[in-house]
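**Q** One structure follows; several queries about it will come next.
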């Protein structure tokens, strides 16, 4: 599991340092190679320079160590190190590649280390002797890189708010601070430096599969100043290290710190710490323990390695490390209250309390004191409550209060308030009581900032109306970029929405009304003002939105045109260089060089990636524009294809469009090693774009193109209904309910019985989209994968209307034929709600009489997992997903099946195939079995990994099968068979 160690800022033990000092890189001076330059957003021209943990001098699990500490220790401990070497001759030199060596590249969250130590030892200091590693005033500025999705950004913010909620640490969007953290996606997976490094930005790498809440909380623990709990000097009294089960080369991750090197701040060993390794971290096998607790707590062996939330020990140590006041807290709810200690019974002397009120950016805080009874003094010198307009003690003072007079309500200018209470005497008065409330919207007069929906990154609240009026400096425009967007979807955004207008009022020109899950494009006002309105109704709530605003500058109007050699294009918040035809940007993104790609008018030919057949170079962007004569179509066939693979083709890819511009109809975006199918243009032109990033290079692609006359483009090829162009010819086709005439051009009515076995598709009335014929009866028998219910969703409906649908109608049955129960009879023009079968079969029957004809209907059929199924003596099948065997299971799935046998019988489950993402505690993807109808029944087991579990027998007449998958790695899934059985006394399960 990605690790965080809780002893704040301890350093390395001598056995560990021996390994470090023997590395061949020990003498390398720190240079610019230790820094990574990241564009953030794809076209950003300014480079972001940060301290890269993936290029650290050495690693301890997921902890990055820099050379400053290693050099210092090398000087101070040389003599002691020689003595330690003599006592422990069995330790191998780090230069031996079979034990220790160069940098690995694992990005898996359960594998925190790249598996190697590099560099020199860390200086030997206690936590309290390194105050520069503690963030001043507990304020940690941050930047989130541009390569993360909206959901990932939300996870990062939730993790930061989790630390803020329980400690006095504050995470703040960076403005002009020199030292700050940068969330990046780096090849080393999950890793971070411990504490503040100073002197500039430092990265926290959230690589592949690291974007889980608990893992991010853990990595932030390193940033705050914690090491792994199991490295404490007293750990041998609490846990045993099972060294024979540790992966070869990973033993150093279990070395123990010396007493002089660790400051545990007086806290006891914490099995529950989020900074503790799990039982099988770096294990040779998933069921082999590497760390085992030595004793029981409350009668059971404690579990270790949780990645769910901060433990009480984590919170206590963080509060001690950052010297949090003994009373007070961080308040994050939209409404709340707080009071002086022991209110209303009087407070004690020498009290110091701090309350940090933090609501969503874009909201303001109204603070009301409802009771005030403090010792009164001149200038409130002795006892007072102080309110500051911001996140810390140096924020602008809004008032210092004492005595008995109630202050006027205070409204913050931003989303944070700092409230501090101090007492110097024992006062018999009540103290004070205050309430606060978050209000959204208002006037925002500044040149840059952030606005988020109420309660972001959690779901926004119902029945909210928020209006923001943004104003930047005169002479500038307002730029708006969306970081995250998820608002209840509706075709016309009638329920929940964000509305943007180009001005300062509701009567200004409408730029757009937005909802759904796609981030809107960047927005630029025509003046220095912009108007935003967010509305939510009383029902469905989503994660909402996060948007940045800023004053927009035209960098291309400067004398040097942004340093561009040929062309400068102003973009929102930035600019980019471009080149004249025949040229392309060089790797520095400013100069131009001879381009790949080109404008091709030949009827046939070939194109290849740059450098073919060798690996293509980094940072290339090639565009081919293919043009054929009118009435021709262009086909593209790939002979070889190999690019850097990614689920969303984000890095290297080939993009094919019908048309010549970047917004033409997209045929596909391709990457990886699978050759795309033949692609045929919609018109007489095609655009092929190849793009590579600055990292992994592959062999690329080779493709040939050819042009063919489209006979269908003129008079529909003489076809009565549909004409389909083929290479060198064409063919006529008929719509649903018709067959092709012997003349191969006309269509005649035919039988209208259909058997549908695909997991998804479209069903239409005969002759759609034209009017259906009279006196027609059509049926569709839909069957899907066992365990998956058929769902029918209507796209369009226009059938002759009648109150009882007695004339023309569509009837839907819950089963294999018209004898099954009726799910609905439909007619008219109102689109019905989706129809869901109880099983994997659905039967449709369409009927038209001899009078009125309409357009008909169009519907899509799909599947939904789960439901109740019946077990009997005949063996039946159940599959994890409808496309089992063809595709891996999808992400973000939660399915529940209840398998019920007749009374007096049990249920037997036998897995035929089982392949689910593997994780120590089966916390990501898993199947879970319960001996009953719901999850309150006894659990039979939770399973993940590969290889089918043993047979499972229920003790009662039902079994609940739950299947969960997250949104990252997917596998083949499972296939199980179930039957009813009399043998209920045997239960096989494996947890």
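The backbone N, Cα and C atoms fix where each Cβ goes, and this holds for glycine too.
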**Q** Which stretch does Swiss-Prot mark as region 'Disordered', out of 40-85, 86-131?
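**A** Comparing 40-85, 86-131 with Swiss-Prot, region 'Disordered' matches 86-131.
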**Q** Using the structure shown, find which entry in 218, 222, 228 (the binding-site residues) has the sparsest Cβ neighbourhood within 10 Å.
**A** 222
**Q** How does the model score the domain 'CUB 3' (596-707) in terms of mean pLDDT?
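**A** Residues in the domain 'CUB 3' (596-707) carry a mean pLDDT of 89 in this prediction.
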**Q** For the domain 'EGF-like 1' (552-593), how many residues does DSSP put in helix, in strand and in coil?
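**A** Helix (H, G, I), strand (E, B), coil: 6 helix, 16 strand, 20 coil.
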**Q** For residue 218 (Zn(2+) binding site), just give me the three-state DSSP call.
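**A** The residue in question, residue 218 (Zn(2+) binding site), is helix (DSSP, three-state).
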**Q** Could you check what DSSP calls residue 228 (Zn(2+) binding site) once collapsed to helix, strand or coil?
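**A** Residue 228 (Zn(2+) binding site) sits in coil per DSSP, no helix or strand.
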**Q** At a C-beta cut-off of under 8 Å, are there same-chain residues at least 6 beyond the domain 'EGF-like 2' (708-748) that contact it? List them, or none.
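**A** Distal contacts: 631-633, 635, 680, 754, 764-768, 770, 772-773, 776, 778.
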